[in-house]
Amino acid sequence: MNNMSKNWKSAIFYILIPVLLVVFAFMIANQQNGTEMKYSQIVNLFKTDQVSEFELDLTSGALTYKTFDKPEEEQEYKVPSVTYFLDDIRDSIDEYNEAHPDSQIVYNYKQSSSRNWLFNLLPYVLIIVGGSLLVWFMMKKMGDTMNNETNRTLGFGRVKTKSVENKDKKTFADVAGCDEEKAELEELVEFLKDPQKFTDLGARIPKGVLLVGPPGTGKTLLAKAVAGEANAPFLSISGSDFVEMYVGVGASRVRDLFSQAIKKAPAIVFIDEIDAVGRHRGAGTGGGNDEREQTLNQLLVEMDGFGTNSGVIVIAATNRPDVLDPALLRPGRFDRQITVNRPDTQGREDILKVHSRNKPLGPDVNLKEIAQLTIGFTGADLENLLNEAALLAARRHKKAITNAEIQDATTRVEMGTEKKSHKYSEKAKKLTAYHEAGHAVASFYLENHDPVKEISIIPRGMGAGGYTMYQPQEENYTSKSEMLDSLVSMMGGRVAEAIALDDISTGASNDLQRATQICRDMVAKYGMSEELGPVVYTDENNEVFLGKDYGHVNNYSEETSARIDEQIEKLMRQAYDRTYSILKEHYDKLDLVAKTLMAREKINAEEFDALMKTGELPETETEKSEPDTNAQPVNGGETAEETYSVSETQVSDGADSAVSLSDSGLSDTDKKEASEDGSDNI
């Protein structure tokens, strides 16, 4: 009411503006030039024979006259009535003219045309029209503001869903690498197309389907494909869209979402990142009732409320199923959980085929080989890989994507962009070369370690001074021997610095950190310690942010904690000693690889294998056809005039060691994530 009162007061103010302008204009128009005179004084001038000449407008009553005492000064007056004025002065004029035939009063009467009359009214018309337009504009703006405020208030509790347009519709043909997941979702498609087939048999279609899996595995794409195959409306919303600072807004939006879905049934409701609103109740650290819980309660009620065969299916996606409330996962709500894992080799090949449809590939590109080299990549990673390759091909002015762009894009996605403009001293370059050579040479002599894929002392990513990449194997489990060998590989950088340079640097900090974590997992998580036995000392659900574990304490004694630390230290020392023994025995190979890195800055898998087995780099096609007889061999087969393509830039201070995707205590499904962390800074 207060707002309405203020708005009407403003409206009255804007209405008064043109009225005042019109009044002011009339006042200006009616203002007399010179000294203001009364009607009786004007008439007296004529009766006392003071007027020498005059002119009277019979239409408007405008009088213009001159007097005998001021013959050069023309004065104006507007008579109120022309008829009465003429009656008052006619006798005086006639008498004067008869008495003074030689100096009679000169007078003239004129009749104004209607055009002049309209012209005189034009300013007033413009003022009135302009004022009216101003009032209309102000009132319209004020009305729009009131409507917007009303709509904002009324629509605040409404949900804004995203619908898929026909041109953006997806089908199962656009989804690859998850055949089992598609098979499970095909039932939903059949139900949406022909629900009678199921209801006649008394079957109850799942109300909700929860898609669980790592980011980028295609959960959202699967949901869109279901809607596209069934030709049903697809209402998409993020879990965070329900959360607002105002009490009750989230619950209101949940009600509105299901109301829209029921009206459009058969339809699919997709809630992305449902963990934003469906977290375990009671996990908050505050004392009051969380607004998030109100929203979750309403979601539970709505999923219970609409009919079993109402034609509305809820599909939700999350990569944190462990934090969801158990009531959300019970039968009758999200009946079915579908795990969308990272694709295997065949799945990656199928995904690459889908994403390469609109990209011209060179004859040397083999999608099967790319799939074998990209273990741990998700569908989103592979799409990004091909896109980066296409960008590189365009930058190099090529008409098609060749294998060179694929390899460069793979390294770019895994390790970051090369920083060729960074320069650093010869001392830092030598340190980086021996550090990375230590990783590679140590892993070469390990039985249970992945082969070297590439070694480089060119910095990439954030602060990475160099890296050693490995080609992981596609396995579901990691054995104890593999974990012990990965510790030796991680120690390679630190040990190589100590042996070759008789000094150590901070470059191995990340190596030591990850090695320590693997040792801790072996002892406390996987029960691989002989002294402590097959006992697990860690809790998988001990995240502090869950709230219910805010006051979490270890479930073992201080004495046991000390024994765990002793076992970790023991494993680290054993790995260090093994690494020292390997690199000391094969120092010639360490020195050869390090010096080759200093000259070439990058070594691929074939070149590294040749160096380790023959002590020489493999010949290129150019060398085979045109051998260089003048080149002098140095450092175990390296030539002074390199025929290989060598980077012309120096590298910034720092060394980086990226370990194999299997260099962690995790299963190979997490190797991709582990490799993204595998970088040291010197």
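Each residue, glycine too, has its Cβ placed from N, Cα and C.
Features as listed in TrEMBL:
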| type | residues | note |
| --- | --- | --- |
| TRANSMEM | 12-29 | transmembrane segment |
| TRANSMEM | 117-139 | transmembrane segment |
| DOMAIN | 205-344 | domain 'AAA+ ATPase' |
| BINDING | HIS435, HIS439, ASP511 | Zn(2+) binding site |
| REGION | 618-682 | region 'Disordered' |
| COMPBIAS | 642-652 | compositional bias 'Polar residues' |
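The secondary structure of HIS435 (Zn(2+) binding site), as reduced to three states from DSSP, is helical. Note on the domain 'AAA+ ATPase' (205-344): DSSP counts are 56 helix, 31 strand, 53 coil.
Within the model, the domain 'AAA+ ATPase' (205-344) carries an average pLDDT of 80.
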